[in-house]
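Q: Would you mind keeping the following structure in view while I ask a few things?
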């Protein structure tokens, strides 16, 4: 954005001219880094802190941001405002220093709300599918020449970034319910993909509280705004009478305003028809597998149709959709070293899904697209509380694969909970008599323990939200081959 455009943007809110230096605590998170990237491109001085470098921090360094890989009081010196991730505790030395210096401290969603304030905001919320749906909406609007700004919780692979500053009037953003901070947003259009019990510590363990929070989020829409909601979801169907705004429903259900019909999956692509009110049927080829992605596409099409975007632009965007990072992310197909006289190839897929519903959707997509493959899953449970709260659901879902290897629970800062650990979960699954899970106590042993279970006609799903994505990439780098001690030392 040039100086004239920046001046025009800042002149909308004259007080924003006082803001020069914005500091982010926890800047390496995808959501935080995305907002920082948009603000850097708007011309603000950006600094931030995190514990370790990652691709997000590298992208920001490339844009001229100052990044500290520590948390120290002096990092916030001269900041006009400090933006804090929900993962950061109140006693963080930078937060304490900001309060002492009377520097405003705001949450990530509050800054996102400021970005959205004078744009046509489209917010995508829901327990599952937010990131992919955000990328689909962004891709359609970009294909239509509308040059949107987008802020996503995952890498938009076609753009190579989590966020991008556009010159159009639209801002398309993932809305995060995990800490209820999406209540700061005031979009013109809101998508809600589904509502399930997750992040229940935020909602005092009360599902009714979670449902009411989604209603409050939708009530942030102006009376002339629109809620786009998946009517297949029983909770959404229950809540529809309470929305109090114009609504468009979508789903496989016969009463959906935008209805998915005749779904068929061939390899990584979905093929289906969308039936829309007062519109010609749309025959879609979607470059993303699974019925869940057909629903995500239906939500994106509902929004784009309401905006008047041409069907041809919609179809081009969906057929060429490149997906998002760590969402059924195909990392390669590798020849296998002969093991027990077997040889062949194995496909490697990395997926972020860490809730039983998400894991189930990924397994179903793999089975539908590659029905003859031996399905091997390397799974890392995420958080002890989630493992405890959804223990039986995890045990049921994980029995659907042919072979299961399980890493220890990724704690995400939580203390261990007795009975909510990977060893207990493996024992429960084994007791159901369908598969015999393998506990992997050390991530360094993954390739070694994986090799003997491969048949030469395999699809390996690396599944979870912790540091397992790094393990997936390392498996791709070594092409699934166990390393000798000499090779590991050389690496």
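Using the three backbone atoms N, Cα and C, a Cβ is placed for every residue, glycine included.
Positions annotated as ATP binding site by Swiss-Prot: 126, 127, 128, 129, 130, 131, 132.
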Q: Far apart in sequence but close in space: which same-chain residues, 6 or more away, have a Cβ under 8 Å from residue 129 (ATP binding site)?
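A: Long-range Cβ contacts: 193, 194, 292, 295, 296, 299.
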Q: Taking 127, 131, 132 as the binding-site residues to compare, which has the smallest set of other Cβ atoms within 10 Å?
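A: Ranked by other Cβ atoms within 10 Å, the binding-site residues 127, 131, 132 bottom out at 127.
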Q: List the other residues in this chain whose Cβ sits within 8 Å of the Cβ centroid of the ATP site residues 126, 127, 128, 129, 130, 131, 132, in sequence order.
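A: Here the nearby residues are 124, 133, 193, 194, 296.
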Q: If you count other Cβ atoms within 10 Å of each one's Cβ, which of the binding-site residues 128, 130 has the most?
A: 130
Q: Using DSSP reduced to three states, classify residue 127 (ATP binding site) as helix, strand or coil.
A: coil
